[in-house]
Structures are given as C-alpha cells and as structure tokens.
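Below is one structure; the comments refer to it alone.
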Amino acid sequence: MSTLRVKKSESWIDVLVYTILTISSLLVLLPLFYIITTSFAPESEYLTRGFFILPNEWTLDGYLYLLTNPGFITAVKNAVIISVVGTLINISLTSLLAYGLSKSWIKGRGIMNFLILFTMLFGGGMIPTYLIVKSLGLIDTYWALWLVMAVAPFYFIVMRSFFRTIPIELEEAGRIDGCSEWRIFWNIYLPLSKAAIATFTLFYFVQNWNLYFPAILYLDDSNKWPLQVFLRQMLIDDDSSAGAGLVQAIEYTPAAKMAAILLTALPLLVVYPFLQKYFNKGMLLGSVKG
C-alpha cells in the first residue's frame, strides 16, 4: 500500500510539474506567435481591429518596408560587423588570458586573478569609463564597444578552470617535441577546449548582437548604430509621429516593428542549432570540472 501511495503522489507531482511547464511554455510562445502573425498584417488591421492574433489579410508590407529602408540595412551591416569582430576579440583575449593565468609558474598571477575578479564584483562606473574612452579618442568608434567589454570575468574564470583540467602530461609531451608556448596553446589546449570555446563564442555573440546601451553611450553617428538602437529609434519615431497626428508617416510602422523584432532575433535562431551540442557539453564540463 505504501508503494502505491508513493507512486500516486509521484504521479500527481509529475502532473503538476508538466502543467506548470506547459503554462510557462505558452506564456513564452504566445507573444512570439503574436509577433510572427502580426508582422504579416496590413495597416488597416491595426487601425480597425486593434488587438488581434490572426490577421484577416496577410501581407509582406512590413518586411518590404524594412528591406527597402536604408537605415535598417545599415543597422544590419553595423550589427554584423560589431558582432563578428567583437566576438573574435572577446574569445581571443579570454582564451589567451585564461591560458596564461592557468599556469602556476606565472609570476603575479594571484594579483591579476584578484584584479579580474574584483571587476566582476565592482564595476568602474559609467562616468569614469566614459571619460577614459573619451580621453583615448575612441568615442564614436566601434573600438569603444569592443575594448570596454573585451573580457567577461565570469567567462574567463570558467575557461581558466577548464584549462586547468587538461592533463599536464600533454603539455610536457609537446615541450619534449619542441613545441613553443604558442603551439602548445594552439595545437593542444584549443582543440581540447572546443566545447568551452563554442559555448562562450555563442555567449559573446549574443552579447554583441544585443548591444544597446553602450552603443547609445559611445556612438554619436546614427550611421554606426546597430540593430537594437535602430529598433529604439523606430519606437521613438512612431510615438512622435502618432503624437503629432501624422498617420501617413507611420503607414507601415506597426508591422515593420514586428518584422524588425523577428529579423533581429533571426541570426541567433540560426546560429544556436549549430552550436547546441557544444553548448550543452561545454556548460556541463565547466560546471563539473571547474
């Protein structure tokens, strides 16, 4: 009887858990579904129906508006440049720094590790950072975005811990074969760290692709703004035009906003499946061995 009661209680718990997960999934998927469907709605749907889930008429006006908008095309190019170059800088500096400070024979590594950990707990502040960037002449350049966030302390700590788990015998064998420090790093450590590298590459890419506040803070030229700032500007222009009663000026704005949200998230949805196996493995190794 006790066994049956335990099984019944477990079954009720399973039902409750699956119910909660189903509701949570719907709360996440329904807004996405709403964005997808309304991005294909014509202007008349927004003016006459207000809120709706499925449009009565389907159109590509929102997407055509974006794809023929020079501002959107420029923002896409800027986002690609910022994300690709920034991710290469991030993962290169993080892996090199983690490799160097994972060696016990490096002098002063304790102080350097402490300083990096200190920046994780206490930031330099927005105004001092801005003044440093300005004094270096990096305002209105992409280097202000890349250098300020070049290394994430948490990613560095996890990667350093991962490097420490690689057997020292492999490094010693490489040195016996005459490998330089660079070849040991490039031919031994990096191939064994594909999961960790892929995981943090994905994280850094998402971070760079979603840059918003740093871009507003450091970039004055609107021709250098990434996608997130472009979306913000769309909202501001929409609200300003609506407040002034300029109906003609916002003919495609509602559908265009929804389409812009989808197109902004599309690269992340495309990249993630290719890195998913490394992502799961890398996070598991980092949590167990680190």
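Each Cβ is built from the backbone N, Cα and C atoms, and glycine gets one as well.
As given in TrEMBL:
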- 76-274: domain 'ABC transmembrane type-1' (DOMAIN)
- 12-36: transmembrane segment (TRANSMEM)
- 79-99: transmembrane segment (TRANSMEM)
- 111-131: transmembrane segment (TRANSMEM)
- 143-163: transmembrane segment (TRANSMEM)
- 184-206: transmembrane segment (TRANSMEM)
- 255-275: transmembrane segment (TRANSMEM)
Take a look at 12-36, 79-99, 111-131, 184-206, 255-275 and tell me which one has the most Cβ pairs under 8 Å to the transmembrane segment (143-163).
79-99
Take a look at 79-99, 111-131, 184-206, 255-275 and tell me which one has the most Cβ pairs under 8 Å to the transmembrane segment (12-36).
255-275
Quick test of the contact rule: Cβ under 8 Å, at least six residues beyond the ends. What residues does that give for the transmembrane segment (255-275)?
35-36, 38-43, 46, 59, 61-63, 65-66, 69, 72, 76, 83, 198-199, 201-202, 205-206, 209, 227-228, 230-231, 234-235, 238
